[in-house]
Amino acid sequence: MFRQSIVKQSCRFLATKKQPSIGRYTGKPNPKTGKYTVSFIEGDGVGPEISKSVKAIFSAAKVPIEWESCDVSPIFVNGLTTIPDPAVASINKNLIALKGPLATPIGKGHRSLNLTLRKTFGLFANVRPAKSIEGYKTTYENVNLVLIRENTEGEYSGIEHVVAPGVVQSIKLITQDASERVIRYAFEYARAVDRSKVLVVHKSTIQRLADGLFVDVAKKLSSEYPDIELQTELLDNTVLKTVQHPEAYDDVVVVCPNLYGDILSDLNSGLSAGSLGLTPSANIGHTVSIFEAVHGSAPDIAGQNKANPTALLLSSVMMLNHMGLTEHADKIEKAVLTTIASDAKNRTGDLGGSASTSSFTDAVIERL
């Protein structure tokens, strides 16, 4: 009960202002303006609308940031989807980006743009916090989960082929190097946010070599972190326990291979908020990091002033914390969460309210 009361009182999506020692932001402000430059990928569908909301709120909060528009419309190089050189140069120069939802074009040869971004910039860790919002009632209360997903390999390696008519083989790639960097990041993250356990979620009873390697790497690394307890758990057990008793994981940083993390993180979002429209996300690399809303581009409501900008706003809060701009992060996060908790008229339709994108934005600005 004591821990639950602490969870409920705290509004922060990141439990501390400290950041892991791996993947730290090293960008510097413009010496003339005192502002940092951030690449902004507005995205597709509702992306431009929710991006406009973020820009308005950042302006009202006087955040020392200049946005650099970044077009990642896919191009083909040697038959494969890639990102235009100016976009790559912008993100490599600024070391940080905020990204709205992207739609992957349909057709042979097109690869997910999200996957392309992760590969291009070596974004090895996907950090997904999922936390209840005080004052906004959902089925579960006091959810406070953190999941770190390996972001570059596993079943998402894109290695599959037709063996024979009606038979397809898809290869799950697990490497020691990729496993070590994401697990090490999980330990460092646990230290930074004052969580005492790292939980490796796996299925090594079936995937003895692939998941077995992932678990073995974690066990070897754990000796370097005597202050953090290493635990391991089968995927199906984690799913069951998370649904039954999510509070059991409120002192834990979960880390897992790519596919498991993709599924578990959406489950966590459903438990904490009932909607991906409230879920922030960070993609961390050694030098570059990209923060993104995890929901889709929602073309069915694009241009109708109905989209919920909260996920992108909270992702921008994670970005500000990552940059060390914690006072601005706190101010915006508090304004967003108190707006959602205030009244149904200030919530967008996906949260059972009547607010438009623009009226929600105005309500947040009023609370800054």
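Numbers here mean position along the shown chain, with the first residue as 1.
Placement of Cβ uses the backbone N, Cα and C atoms for every residue, glycine included.
What Swiss-Prot records for this protein:
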TRANSIT   1-14  transit peptide
BINDING   Arg118, Arg128, Arg149, Asp236  substrate binding site
SITE      Tyr156  site 'Critical for catalysis'
SITE      Lys203  site 'Critical for catalysis'
BINDING   Asp236, Asp262, Asp266  Mg(2+) binding site
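Location within the structure of each feature annotated in Swiss-Prot.
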residue : record                        : DSSP (3 states)
Arg118  : substrate binding site        : helix
Arg128  : substrate binding site        : strand
Arg149  : substrate binding site        : strand
Tyr156  : site 'Critical for catalysis' : helix
Lys203  : site 'Critical for catalysis' : coil
Asp236  : substrate binding site        : helix
Asp262  : Mg(2+) binding site           : helix
Keeping only the recorded positions of Arg118, Arg128, Arg149, Tyr156, Lys203, Asp236 whose C-alpha lies within 10 A of that of Asp266 (Mg(2+) binding site) yields Arg128
For the binding-site residues Asp236, Asp266, the largest set of other C-beta atoms within 10 Å encircles the C-beta of Asp266
Rounded to a whole number of Å, the separation of the Cα atoms of Arg149 (substrate binding site) and Asp262 (Mg(2+) binding site) comes to 7
A 10 Å Cα radius around Asp236 (substrate binding site) captures, of the recorded positions Tyr156, Lys203, Asp262, exactly Lys203
Checking the recorded positions Arg128, Arg149, Lys203 for other Cβ atoms within 10 Å of each Cβ, the smallest tally belongs to Lys203
Looking only at the recorded positions Tyr156, Lys203, Asp262, Arg118 (substrate binding site) has its closest CA neighbour at Tyr156
Quick note, Asp262 (Mg(2+) binding site): same-chain residues at least 6 apart with CB under 8 Å of its CB -> Arg149, Tyr156
